[in-house]
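According to Swiss-Prot:
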BINDING   ASP10, SER11, TYR42, GLY43, ASN75, THR76, THR186, HIS187  substrate binding site
ACT_SITE  CYS74  active site, proton donor/acceptor
ACT_SITE  CYS185  active site, proton donor/acceptor
Amino acid sequence: MQNDPIGLMDSGVGGLTVLKEVQRLLPTENTVFLGDQARLPYGPRSVAEVTMFTKQIAQFLRQQAGIKALVIACNTATAAALTTMQQTLPIPVIGVIAPGAQAAVQTTRNHRIGVIATAGTVKSDQYRRDILAAAPNSQIFSVACPEMVTLAEQNDLTTTHARSVVAANLASLMDKKIDTLVMGCTHFPLLRSAIQHAVGSQVTLVDPGLATAEQTAAILKTHGLLNPATTRGTAQFFTTGETAHFDTLASQWLDQQPMPAKHVSIAQLTTPMEVN
């Protein structure tokens with residue numbers, strides 16, 4: 001089971017930012033990633049629907065790849081489905097919100113923390129709860145930024161248009177005197193330059209991906225699941241969207257030239273499968 005891959009899932013390609021951190025921290029681990037681009041965005045969807053999608057993807061990754069752990073590399077899906085998945089799957093399940101909240105608490109100096117995320121993540125209030133649980137004197141300012149997800153999926157990251165959209169989305173944070181901003185959607189680290197430009201150098205950006213990779217490593221170690229191999233692990237990719245578009249983004253964002261993604265139809269995800 002140590003050689004089995006770590007599964008990662010996201011509503012689109014944003015979760016590749018988490019995969020990149022996992023590969024950097026755990027280079028010998030095998031991984032398999034599924035981006036559900038055909039059903040993007042998850043943000044406006046109901047908790048029940050996002051939970052159903054997460055269950056379908058987890059079932060697919062277990063059946064197709066025999067994953068030893070699941071990283072929900074999507075803040076919206078983490079907020080909606082993490083507890084359910086942890087209660088129902090016989091493997092470790094890691095989300096991105098708790099690690100991101102903890103990183104924000106460790107980073108802030110004035111305890112004024114901004115959170116940018118999808119509407120679903122903001123509505124869940126999970127970042128606020130997790131931050132306040134660790135630092136009750138914190139003030140949290142959350143903003144839903146769905147247009148920024150679209151920018152990332154379209155690979156529009158550094159243009160004047162991208163900077164304009166990001167600045168408009170973050171305008172309500174400008175008078176809040178935050179010193180820390182959580183990029184509470186895995187797409188947003190791809191827009192780091194535009195985000196930093198909008199909020200200024202005095203604000204520290206927190207990418208939950210690194211903290212999530214660190215938590216994944218710790219959990220695998222606790223369960224005796226770390227891969228003892230000494231060679232670089234393999235990486236498989238699946239998408240419910242267009243494979244050519246996915247491959248272009250993956251090759252641009254990851255440190256290595258990834259193998260081509262395989263297409264998965266929604267029918268494949270919604271058909272019941274036998275999983276041991």
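Here the Cβ of each residue, glycine as well, is placed from N, Cα and C on the backbone.
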### Query
Want to know which recorded positions, from TYR42, CYS74, ASN75, THR76, are within 10 Å of CYS185 (active site, proton donor/acceptor) at Cα; which are they?
CYS74, ASN75, THR76
### Message
The record lists ASP10, SER11, TYR42, GLY43, ASN75, THR76, THR186, HIS187 as binding substrate. What's the largest Cα to Cα distance among them, in Å, rounded to a whole number?
### Response
12
### Task
Starting from the Cβ centroid of ASP10, SER11, TYR42, GLY43, ASN75, THR76, THR186, HIS187, which together make up the recorded substrate site, report each further residue of the same chain whose Cβ lies within 8 Å of that point, ordered by sequence.
GLY12, GLY14, GLY15, LEU40, PRO41, CYS74, ALA77, THR118, THR121, VAL149, CYS185
### Under 8 Å by Cβ from ASN75 (substrate binding site), counting only residues of that chain that are 6 or more apart
VAL96, ILE97, GLY100, ALA117, THR118, THR121, GLY184, CYS185, THR186, PRO208
### Query
Does HIS187 (substrate binding site) have same-chain partners at least 6 apart in sequence with Cβ under 8 Å from its own Cβ, and which are they?
GLY12, VAL13, GLY14, THR17, MET148, VAL149, ALA152, GLU153
### Task
According to DSSP, folded down to helix, strand and coil, what is TYR42 (substrate binding site)?
coil
### Summary
Integer Å value for the Cα distance linking GLY43 (substrate binding site) with CYS74 (active site, proton donor/acceptor) is 10
